[in-house]
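As written in Swiss-Prot, here are the features:
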BINDING   ASP33, GLU57  Mn(2+) 1 binding site
BINDING   ASP97, GLU100, GLU225  Mn(2+) 2 binding site
BINDING   GLU100, GLY101, THR102, TYR131, ARG176, ASP177, ARG178, ASP198, GLY199, ASP200  substrate binding site
Amino acid sequence: MEKTLGLEIIEVVEQAAIASARLMGKGLRNEADGVAVKAMRDRMNQIYMRGRIVIGEGERDDAPMLYIGEQVGICTQPNAAQMCSIDELLEIDIAVDPCEGTNLVAEGRQGSMAVLAISEKGGLLGAPDLYMKKLAAPPQAKGKVHIDYPATKNLQIIAECLDRAIEDLVVIVMKRDRHKDLISEIRSTGARVRFIDDGDISAALSAGINGTGVHALMGIGAAPEGVISAAALRCLGSHFQGQLIYDPDVVQTGLLKGTKAEIEEQLKAQGVEQPDKVWEAEELASGKNVLFAACGITDGDFIKGVRFFTGSARTETMVISSQSNTVRFVDTVHILDPAHHASLVI
């Protein structure tokens, strides 16, 4: 999978990032997402693959493109058997977030990326569009921290694993009312809190990569993004756990319809037999071969955003593979207008 699709998925996230970055700082949140979705889908449909969106822009009735269940790739066409090889006809699952952090792009702030993860069929959990409690931590803490532990205990463990004082730790938390108690607990240990308003895939990666200055992600965010984060951190050998949160009183957004009991019954009817299960990264992204790619739209902790020059653009992409146990950073210059070759900046 990596040999046949590795370069292709790089180009998929690059095209989405370039399209969205054109609208950076213009206050056009929905438009920045829309152009990224279209660019990502267009490039996917040029690839010799048989892909199925398992995490995307929503249900079919709510999303015109990259909706859950959509088939993408040349090898989904009726005459695919005549055009595609046996390997290309194998089904793959795809999880996408073409513009992770739409508000960040609209406001010209750091941390937005175009991301996707792929695996063989059944290799990525199709998480319901609910919330998820998440814990991400560096590789040294994998299997030692636990999402059920108090934040105090987890920070003590992380500090010991990294051989540093708790006061040296930085924890990313999404700035939401539901996290008031969590924030107070983190601060009581002496650790520092870094708030984000959006983009917790980027935050999970920052926690899972040594040297970013971030040592944990804690709190509740969107469940689909949790699966994509799990795919990346599983490939990195870092710690990630997630647990569905479906109690409206806990998430405090007003977006969940019905009571906790009603939503629990809906989940069970959809086949989620253990709604309160704690999911490990290896369960959320269980495939034998998992590939993750992220291209910066705006600058982040580990990759730069898109930079535009006369007739060209430069992107930075991170590609992580469970198959080859590699993390690659790809620096690409895109000639957007051949008439301006002389203006190329390296």
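Cβ atoms are placed via backbone N, Cα and C, with glycine included.
Mapped onto this structure are the features recorded in Swiss-Prot.
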residue	record	DSSP class
ASP33	Mn(2+) 1 binding site	helix
GLU57	Mn(2+) 1 binding site	coil
ASP97	Mn(2+) 2 binding site	strand
THR102	substrate binding site	helix
ARG176	substrate binding site	coil
GLY199	substrate binding site	coil
GLU225	Mn(2+) 2 binding site	helix
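In sequence order, GLY101, MET113, VAL115, GLY199, ASP200, ILE201, ALA222, PRO224, ILE228 are the same-chain residues whose CB sits within 8 A of the CB centroid of ASP97, GLU100, GLU225, the residues recorded for Mn(2+) 2 being left out.
ASP97 (Mn(2+) 2 binding site) sits 10 Å from GLY199 (substrate binding site), taking the C-alpha atoms as the reference points. Note on proximity: among GLU100, THR102, ARG176, ARG178, the binding-site residues of the record, the Cα nearest ASP33 (Mn(2+) 1 binding site) is that of THR102. Distances between the Cα of GLU100 (Mn(2+) 2 binding site) and those of the binding-site residues GLU57, ARG176, ARG178, GLY199 are shortest for GLY199. Checking Cα-Cα distances from GLU225 (Mn(2+) 2 binding site) against the binding-site residues (GLU57, THR102, ARG176, ARG178, GLY199) with a 10 Å cut-off leaves GLY199, in sequence order.
Counting only the Cα atoms, the space from ARG178 (substrate binding site) to GLU57 (Mn(2+) 1 binding site) is about 25 angstrom.
Its Cβ taken as reference, GLU225 (Mn(2+) 2 binding site) is surrounded by 24 other Cβ atoms within 10 Å in the chains shown. The Cβ neighbour count for ASP33 (Mn(2+) 1 binding site), using a 10 Å radius and every protein chain shown, is 23.
Its own atom aside, the Cβ of GLU100 (Mn(2+) 2 binding site) has 26 Cβ atoms within 10 angstroms in the protein chains shown. Shown in sequence order, VAL37, ALA63, MET65, LEU66, TYR67, VAL96, PRO98 are the residues of the chain, 6+ apart in sequence, with a C-beta less than 8 angstroms from the C-beta of GLU57 (Mn(2+) 1 binding site).
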